[in-house]
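Some features that Swiss-Prot has for this protein:
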| type | residues | note |
| --- | --- | --- |
| MOD_RES | Ala2 | N-acetylalanine |
| MOD_RES | Lys103 | N6-acetyllysine |
| MOD_RES | Ser122 | phosphoserine |
| DOMAIN | 169-340 | domain 'OBG-type G' |
| BINDING | 175-182, 221-225, 289-292 | GTP binding site |
| REGION | 499-518 | region 'Disordered' |
| REGION | 525-637 | region 'Disordered' |
| MOD_RES | Ser559 | phosphoserine |
| COMPBIAS | 576-588 | compositional bias 'Basic and acidic residues' |
| COMPBIAS | 608-621 | compositional bias 'Basic and acidic residues' |
Amino acid sequence: MAHYNFKKITVVPSAKDFIDLTLSKTQRKTPTVIHKHYQIHRIRHFYMRKVKFTQQNYHDRLSQILSDFPKLDDIHPFYADLMNILYDKDHYKLALGQINIAKNLVDNVAKDYVRLMKYGDSLYRCKQLKRAALGRMCTIIKRQRQSLEYLEQVRQHLSRLPTIDPNTRTLLLCGYPNVGKSSFINKVTRADVDVQPYAFTTKSLFVGHVDYKYLRWQVVDTPGILDHPLEDRNTIEMQAITALAHLRAAVLYVMDLSEQCGHGLKEQLGLFQNIRPLFINKPLIVVASKCEVKRIAELSEEDQKIFLDLQAEGFPVIETSTLTEEGVIQVKTEACDRLLAHRVETKMKGNKVNEVLNRLHLAVPNKRDDKERPPFIPEGVVARRKRMEIAEPKKKRERDLELEMGDDYILDLQKYWDLMNSSEKYDKIPEIWEGHNAADYIDPAIMKKLEELEKGKKSSEQLLGSMPVSLRVKTRKWWKIRQLAKQIREKKKLKILQSKEKNTQGPRMPRTAKKVQRADLENEMRSLGVDMDDKDNAHYAVRARRSRSVTRKRKREESVPPSSIARSRSRSCSKTPRDVSGLRDVKMVKKAKTMMKKAQKKMNRLGKKGEADRHVFDMKPKHLLSGKRKAGKKERR
């Protein structure tokens, strides 16, 4: 909505939910532990804080409700009357008044009990005062159950109301039920209003939007109105009356020519005269709908006189059919133009126009001489205007040709090219290509030269066949030399690429650190021309075998009792401690120990027994969360 967004009103909880939400928030967001041996001012402050916190929560929520709901005296009269019809203005104001009184009562209760708590001389008395304060607040809210439920229903209905801007350009449809109002709005706009062959299908206001002359227009579909006194009209009809009374719109009064709506033309004219005071200062158009069934010319003279009288009074009558879409666009155009003119006329009568006109200055140049200077209109424009007046047959488009020719049609856009030489339209090579003249790069005798070249090739082959054997052998040797030279060039290119790969800027591994495989070494030597057969006893093969232990383990010697203390003992093999194995020097050992301590910090902080301790403690103890919370069992709050 331009000014009113009723969809943003916060949800109004029920009285029970209201109490539960507030008390739960108090329990969660205030301290919960107090002991009787604490100083008395600390105990008082503990319970005062709970009372004030609860009071503030109630105050904020109730204030939010009061501020979100629209005040009937501050909003547009259209919405004020619409809410009065839908929700009863007195009931609505009474509910908001009750909420406001409840808010003040909660504030007064909190103030009184905080004053009494200042004189509490023990933990028990302060606690009882706190319980009494929270209990009285909850009782006050509990008594507002009906008001809260009513306001929640109003909120839900308000959020479903259509988005109507009372101040923008509007087309308003009205008339008897089932005369074709909803069908018209479905044709003109993208609204999807339900259309059924019975009366009062539309029970509330519906809105669609349409563009005309680069402006945004809203089309409002109203429920049907019956011809009886205002006091007897129901809520559905009063919505249409409210829209007619307050929206500055162009009114489209829809009349059913076929009388299939169940009401004759005289009854429809009677309704028109009944609600005519609502059409004052509004552009009005009479829409004669369902003309595909019966037209005005086919009516009786008495019925035709109805429309003639309306036209005599200055109301345009337009025949329409939503089935064949006849007259629909005409009605929209006529209504929009009349409303635009009416709005301009209204603004010109106001005081703001004079303020704007005083700021404008129209500069007119002085006349230089008596020579006439008529506007110049090219001859082509004049000729085109004449052709348009004659209404000569239109030029056939490619789409029309495609429909005529069917499968024989081929899209040819080159026939429309405007070239100096029309014979160049279908040239395969264009005259200009990317800024260059293509003819400059083409030899006209190229095909002739190609034929001569092919002839020369054939003659050379014939010449080779007619050569003596000695010359042919020399030619073959020359051919082999060329093949070898080609292989050498390719080898050089590979070497260059390998050299480029070696010349990278990344980290390099020294040659001595690289592990050389025996097979790779033998392949490389063979490629250089070295015979690598029967090399099992060569130095590189023996060294490779020595690198891994091939000797058998020494047999364990028989244990002999010690003959003397002084006998020689062999020194046991020394073993590196585990905490320093794999570490280079003392500096690295210190760094490893520091990292180990950091890794153990989190485990120690969580009180884990070790790395394998994955125990998860019970986050929801059963003795606190099991069982039902019935009335009188909520002491822990």
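Including glycine, each Cβ sits where the backbone N, Cα and C put it.
Since the structure is predicted, the reported quantities are computational estimates derived from the model, not experimental observations.
On the structure: features taken from Swiss-Prot.
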residue	record	DSSP class
Lys103	N6-acetyllysine	helix
Ser122	phosphoserine	coil
Gly175	GTP binding site	strand
Lys181	GTP binding site	helix
Thr222	GTP binding site	coil
Cys291	GTP binding site	coil
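In the predicted model, the domain 'OBG-type G' (169-340) has a mean pLDDT of 82. Distance between Cα atoms for Cys291 (GTP binding site) and the residue listed as 'N6-acetyllysine': 61 Å, as a whole number. With a 10 A radius on its CB, Thr222 (GTP binding site) counts 23 other CB atoms from all the protein chains. Distance from the CA of Lys181 (GTP binding site) to the CA of Ser122 (phosphoserine) is 75 Å. Neighbour counts of Cβ atoms within 10 Å were compared across the recorded positions Ser122, Asn178; the minimum falls on Ser122.
A distance of 47 Å separates the Cα atom of Lys181 (GTP binding site) from that of Lys103 (N6-acetyllysine).
Sequence-distant contacts of Ile225 (GTP binding site), defined by Cβ-Cβ distance under 8 angstroms and a gap of at least six in the same chain, are Cys174, Gly175, Tyr176, Pro177, Arg233, Glu237, Ala240, Ile241, Leu271, Ile275.
All chains included, 22 other C-beta atoms sit within 10 angstroms of the C-beta of Lys103 (N6-acetyllysine). With all protein chains in the displayed structure included, the most crowded Cβ environment within 10 Å among the binding-site residues Gly175, Lys181, Cys291 is that of Lys181.
Rounded to a whole value, the Cα-Cα separation of Thr222 (GTP binding site) and Lys103 (N6-acetyllysine) is 39 Å. The separation of Lys103 (N6-acetyllysine) from Asn178 (GTP binding site), Cα to Cα, is 49 Å.
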